[in-house]
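Per TrEMBL, the features are as follows:
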type: REGION; residues: B:39-61; note: region 'Disordered'
type: REPEAT; residues: B:144-184; note: repeat 'ARM'
type: REPEAT; residues: B:186-229; note: repeat 'ARM'
type: REPEAT; residues: B:228-270; note: repeat 'ARM'
type: REPEAT; residues: B:270-312; note: repeat 'ARM'
type: REPEAT; residues: B:312-355; note: repeat 'ARM'
type: REPEAT; residues: B:393-435; note: repeat 'ARM'
type: REPEAT; residues: B:435-477; note: repeat 'ARM'
type: REPEAT; residues: B:482-525; note: repeat 'ARM'
type: REPEAT; residues: B:585-627; note: repeat 'ARM'
Amino acid sequence: MNSDAAPGKTPEEMYIEQKVRVLLMLKKMGSNLTPSEEAFLRSYSGVVNSQLSQLPQHPIDQGAEDVVMAFSRSETEDRRQ
Amino acid sequence: MAVLLNTSELNLARDPVTKVSDWQSYRYDSGIQSGAATTAHSLRGTAEESDPEYSKKYTTTTTTTTYTQGSIPDMESQFAMTRGQRVQAAMFPDTMMEGTQILSTQVDLGQQTNIQNLSEPSQMLKTAIVHLINYQDDAELAIRAVPELTKLLNDDDPVVVNKAAMIVNQLARKDASRRALMQSPQMVAAVVRTMQNTSDMETARCTTSILHNLSHHREGLLAIFKSGGIPALVRMLSSPMESVLFYAITTLHNLLLHQEGAKMAVRLADGLQKMVPLLQKSNPKFLAITTDCLQLLSYGNQESKLIILANGGPEGLVYIMQHHNYEKLLWTTSRVLKVLSVCPSNKPAIVEAGGMQALGKHLNGSSPRLVQNCLWTLRNLSDAATKQDGLDGLLQVLVTQLSSTDQNVLTCSTGILSNLTCNNGRNKTLVTQDNGVESLIQAILRSNNKEDVTEPAVCALRHLTSRHPDAELAQNAVRMHYGIPTIVKLLNQPHYWPVIKATVGLIRNLALCPANQAPIREAGAISSLVRLLVKSHQDAQRQTTASSQTYQDGVRMEEIVEGTTGALHILARDPINRSEIISLQTIPLLVQLLYSPIENVKRVSAGVLCELALDKQAAEMIDAEGASAPLMELLHSNNEGIATYAAAVLFRISEDKNADYKKRVSVELTHSLFKHDPGAWEAAQNMSMDGQMYVEDMDPGFQQYRTYNPDMDGMMETDMHDMVDGDYLPDAYDPMMRQQYRQ
């Protein structure tokens, strides 16, 4: 977001857009919202609809990646049977 | 009976051909001359199948004469006369005249006479004496013959050489004469020279056979070694004649096993380059010897392993595992693969050749040593096979192996499963659907807390519970199979940090399932996690210089900080858990973690605070800890997760704040890099996914750090344990930042 992105928008409108986006991102990441935050989104459903298409499609916070374990560090000799 | 050798007669014959013929005229018929068998120690019925075995036979004759009471004239004198005859008949039956009748003193048919009792042992004694006589004769003959035969082997006439080789081959089969051959360096050198120079197949066969016979004795091995036999034998590995190949490879095998210096000599003679192509042969016993040679040469020798690789070794060995069923061959081949499986260059080649599938084929076999070797090899290879297709059958077998009580089997099966489920959605789904979750929990229970089993088992469960379509199924399965208390107990002391690290990651994944939140809490996980967070943070704080690292059991304490906080983040989604986390006085520490130079730590601590701030009182406590300042900075993070959490916390803190405060938050948001442009979002995300350096161009207080490269190719040689999930600043905190930490 920057101040010259959308000409004609008041600071309050930009604040609402930013907050809607933050709350939608939180939901996407699986976090909970407060009742007032849910109400906020309902109040600005038009902004919600326009922001939804702009959210990133990839997963945001999936936690730690899988890790391989390196077992082949040294040779072990078995008894010659 | 033995014919004494008349060497004067021999010397009169000047013509070599005549000499050879004369040699052939001296024959023994004691039975030893008929050919004592000397076959390859592990090859039976090969090459010299026409040689009959020496066998010992003897006969006794018992004549029983029945006397009536009235017809025993002069019995005593008769007995005295026949006693000697009876002894002679018993010991030397071949000296008795035909038709001789001997009085027997056997009165009771059920009881033998003394002479009858002694007849068998006396025959054996006599036979032994005859052997000794012949042995001595053999030895003397050979000693006298060796110089002559050596000359004949060096003759220009190939017919002469061939005949001489045949005779020497005969001599090499008998103990006494073989000893004489071994003790003559000139003879052994002549055999070696003849072998490598001849173009006659029969001569080649004889000479390799000679060396093969000699190689069963230390003296012979040394003689071959000193005569340059190794390079010559390696050359014979190119022979089109099967028998020559058999003798050559077996002789080389004996040298590799028992002769010091032989390995180096074989390597120098390019023996590996000759042996690897022999893997195309079909005889299983021949292949068993060849593969054993490869194992002897490559164990502990990296250069040899690379030569085997360069000559198509992995493909040849995998082919054998796929198509043969001779147990000894499979075992020797699996040993070579095990040796190669620790080589970073061979590993991917073995995997690409289908090694995982081929080795997996034998896991249900009846040979425990083969099963174990295959498991160890699979485990070594597994980090190079994470992207391999067609492992469905192997995965199924490994899940069944988890029910074993053998700790080695458990160690290997859990390790292989952990790696094969790493970043592989298909394998994760397969294992989940094959009842893998329950089997892994059982393996943990059966492990007796052995880290070699618990660590990979927990890692495998962690993989199964995230990032694939059946992750939720796996998360529920853990709970349904009573796995949660078992897993939470792993957080208790004594701490083995790799297991702790894996367990906190698993708990984090399990908490994603709402139904698991209460069982995790009831198992006491939250207090354990907070305790571990405090301890690991304190340990991490103790590092004072840029060069020191806080490792314990190979794990950095910063990783534990991240893992425990990450688990608390997800657990905090549950309101009761939230209260418990708050009650444990965690907020001050979590606010401190916002200053961490490690991006992942910032992300998870902002995430926890975001959840805790849902509670108004907690939001006030967070604000009271001075979280606003670091949170304002975090709004500018390139990491969209961090920026989102920071913004959310600020919104929640500012809910009851005055308009000026809210405006300040808005201004910060406005000036942040939190762009509306989706392209810019994607660009920011792509920067983080490609592992490029993050540059904090806003605030000099934030240090640069590396990002995590998700491409975990098994070619990397460094310890994967340390290359964990996420971004780590290798070393120190920035002094400017340290001042902002609260004590």
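Glycine too: its Cβ is placed from the backbone N, Cα and C atoms.
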- Task: Helix, strand, coil: count each for the residues of the repeat 'ARM' (B:228-270), based on DSSP.
- Result: 32 helix, 0 strand, 11 coil
- Take the repeat 'ARM' (B:186-229) and find every residue of the same chain, 6 or more past its ends, with a Cβ under 8 Å from one of its Cβ atoms. 38, 40-41, 47-48, 146-147, 149-150, 153-154, 158, 161-162, 165-166, 168-169, 172-173, 178-179, 235-236, 239, 241, 243-244, 247-248, 250-251, 254-255, 258-259, 261-262, 265
- Give residue numbers and ranges for long-range contacts of the repeat 'ARM' (B:482-525): same chain, 6 or more residues beyond its ends, CB-CB under 8 A. 437, 441, 444-445, 451, 454-455, 458-459, 461-462, 465-466, 471-472, 475-476, 532, 552-555, 559-560, 563-564, 566-567, 569-571, 573-574, 576-577, 580, 721, 724-725
- Item | pLDDT averaged over the residues of the repeat 'ARM' (B:435-477) | 95
- Query: DSSP helix, strand and coil counts for the repeat 'ARM' (B:312-355)?
  - Reply: 33 helix, 0 strand, 11 coil
